Amino acid sequence: MAFVDQAEDILAKSKKGIEESLKKIAKKKFAENPQAGSEFVEKTLSNVSTNTDAASVVHSVDLVVEAIVENLKVKNELFKRLDKFASEHTIFASNTSSLQITNIANATTRQDRFAGLHFFNPVPMMKLVEVIKTPMTSQKTFESLLDFSKALGKHPVTCKDTPGFIVNRLLVPYLMEAVRLYERGDASKEDIDIAMKLGAGYPMGPFELLDYVGLDTTKFIMDGWHEMDTQNPLFQPSPSVNKMVAEKKLGKKTGEGFYKYK
């Protein structure tokens, strides 16, 4: 597997993160045999190469999975370039969680070999993968991505190329409705979080999850969906989220969002 990013220091940091994730998995998987766990980590890392030039490695791969910034123009520029260097059989997939796959695929000449492959964080632990088929995606490409997901030990689900696919299409409006409940003064954010954890069995309340995901990320998704469908009440922007993003209170990563973090 070739792992590509913009700079060597980013690659080194990312590979270290992969190693740490593998060690956590090995600790659980090989609890009674630490030596086998170490061998598992070393063998897996030996299969990962790094590069700062995607065009130089894409000619020899069967599948490209893109997970760069959620910006349609930037994604299109990348795929347009890779399309020129990739083999004819190579499948392109985007890990986008909010943009439409069709709009990304249209930057290439291989719309039939283009689909969505949306993983969930933390990827080593989360079993789910959403496989998104556009109207142009071939059945062969679609089935290949289902098989690939299963080979990774994941559980693939399928969805049409609709905003947010399955999980985010249900999750983001739920998060925003919790914010609206709070904005109206109907309940405190603390009580809303407790209610959803104890009443619905969720591991995190909506405000805890918003801070974990990042309020800037949530705003970006909502703004994009609102632009696509301005009349949809579920896609209306939130004044409090917009205010906090403007103040750089983005959640856990900045130390403050709906809650404060040390």
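Just so you know, glycine gets a Cβ as well, placed from its N, Cα and C.
Keep in mind that TrEMBL annotations are predicted by a computer and have not been checked by a curator.
According to TrEMBL, the protein carries these features:
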BINDING   SER21, LYS28, SER97  CoA binding site
DOMAIN    3-162  domain '3-hydroxyacyl-CoA dehydrogenase NAD binding'
DOMAIN    164-261  domain '3-hydroxyacyl-CoA dehydrogenase C-terminal'
SITE      HIS118  site 'Important for catalytic activity'
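Applying an 8 A CB threshold to same-chain residues 6+ apart, the list for HIS118 (site 'Important for catalytic activity') reads ASN95, THR96, SER97, VAL129, GLU130, VAL131, ILE132, PHE165. Long-range Cβ proximity for SER21 (CoA binding site), meaning a same-chain Cβ under 8 A and a gap of 6 or more residues, is found for PRO122, PRO124.
Summarised as a single figure, the pLDDT of the domain '3-hydroxyacyl-CoA dehydrogenase NAD binding' (3-162) averages 94.
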